[in-house]
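To start, the structure under review is shown below, and the notes come after it.
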Amino acid sequence: MAYPMQLGFQDATSPIMEELLHFHDHTLMIVFLISSLVLYIISLMLTTKLTHTSTMDAQEVETIWTILPAIILILIALPSLRILYMMDEINNPSLTVKTMGHQWYWSYEYTDYEDLSFDSYMIPTSELKPGELRLLEVDNRVVLPMEMTIRMLVSSEDVLHSWAVPSLGLKTDAIPGRLNQTTLMSTRPGLYYGQCSEICGSNHSFMPIVLELVPLKYFEKWSASML
C-alpha cells in the first residue's frame, strides 16, 4: 500500500500492474531523453554567438524532425496498445464477484454461491483498533483466492462511482444502469487497499475498498463460514 511522501507507484501484485509499471518506466525514459535534448539545444541557442540569418530552408532538418517524433510515438503507442488489450482480455474466470456502489459504501455478491453477499462500510476513526489504518479499514473485507482469475462486475445503485485498487492496477467505473467488468489476479497474498475514485457526494472520501487475497484453501473455509 501507499506510504507518506511516496513518489512512485505502489508495489505491483498483479501481472497487469507489473506491465503498467514497465510501461511507465519505458515512457518516462523517453520523456526524460527528449526533455534533456530540448534543454541542451535551448542552452546552446542562448549561449552561442553564431547566427544563421541567411538560412532560408533546411530540408534535411525538417525531414528529421518529422520522422523522428513519429518513430518515438510508435515506440510509445505499441506497448500501450498491448497493455490495453491485455486489460480487456477475459480468461475463463474461476470466480465472479458483483460489486455495487452506493452513497457511500460498497456491496458485494459472490454470484457463484447461492447466498453470499454483504455490505462493506468504512470503520469510523473512533472504532479503529491499534494498527488499523484511518479512512481505509472496512467492517467486511472482500476475501478472494490468490493466483486465480477473478471477474469483477461493477455497477452502481445511485450515482457515478469508481472501484479502484492501485496495487492490482484496477480502476473500473460504476455507472447506474450499466454493468462494467474487469478481471484481477494476485500473485501473492495480502491486504490491498483502494478507494472510490469518482467524486460521488459529500462522503466520497469515506468509501474504502479492502481486498484480502488468500490461498484457495483459506478462501474455501471463509466462504463456508459465510454461508
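Backbone N, Cα and C define each Cβ position, glycine as well.
As recorded in Swiss-Prot, the features of this protein are as follows:
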type: BINDING; residues: His161, Cys196, Cys200, Met207; note: Cu cation A1 binding site
type: BINDING; residues: Cys196, Glu198, Cys200, His204; note: Cu cation A2 binding site
type: BINDING; residues: Glu198; note: Mg(2+) binding site
type: MOD_RES; residues: Tyr218; note: phosphotyrosine
type: TOPO_DOM; residues: 1-14; note: topological domain 'Mitochondrial intermembrane'
type: TOPO_DOM; residues: 46-59; note: topological domain 'Mitochondrial matrix'
type: TOPO_DOM; residues: 88-227; note: topological domain 'Mitochondrial intermembrane'
type: TRANSMEM; residues: 15-45; note: transmembrane segment
type: TRANSMEM; residues: 60-87; note: transmembrane segment
Cβ neighbour count within 10 Å of His204 (Cu cation A2 binding site): 16
Rounded distance in angstrom between the Cα atoms of Tyr218 (phosphotyrosine) and Met207 (Cu cation A1 binding site): 26
Cu cation A1 site, defined by His161, Cys196, Cys200, Met207: further same-chain residues with Cβ within 8 Å of the Cβ centre: Gly101, Gln103, Trp104, Trp106, Ser162, Ala174, Gln195, Ser197, Glu198, Gly201, His204
Long-range Cβ neighbours of the topological domain 'Mitochondrial intermembrane' (1-14) (under 8 Å; 6 or more residues past either end): 20-21, 24, 133, 136, 166-169, 184-188, 190-193, 213
The residue listed as 'phosphotyrosine': secondary structure state under DSSP, collapsed to three categories: helix
Whole-number Å value for how far Met207 (Cu cation A1 binding site) lies from Glu198 (Cu cation A2 binding site) (Cα to Cα): 10
Within the predicted model, mean pLDDT of the topological domain 'Mitochondrial matrix' (46-59): 75
Cu cation A2 site shell beyond Cys196, Glu198, Cys200, His204, criterion: Cβ within 8 Å of Cβ centroid: Gly101, Trp104, Val159, Leu160, His161, Ser162, Ser197, Ile199, Gly201, Met207
Rounded inter-Cα distance in Å - His204 (Cu cation A2 binding site), His161 (Cu cation A1 binding site): 9
CB contacts for Cys196 (Cu cation A1 binding site) [other CB atoms within 10 A, all chains]: 25
Binding-site residues compared (Cys200, Met207) - the one with the fewest other Cβ atoms within 10 Å: Cys200
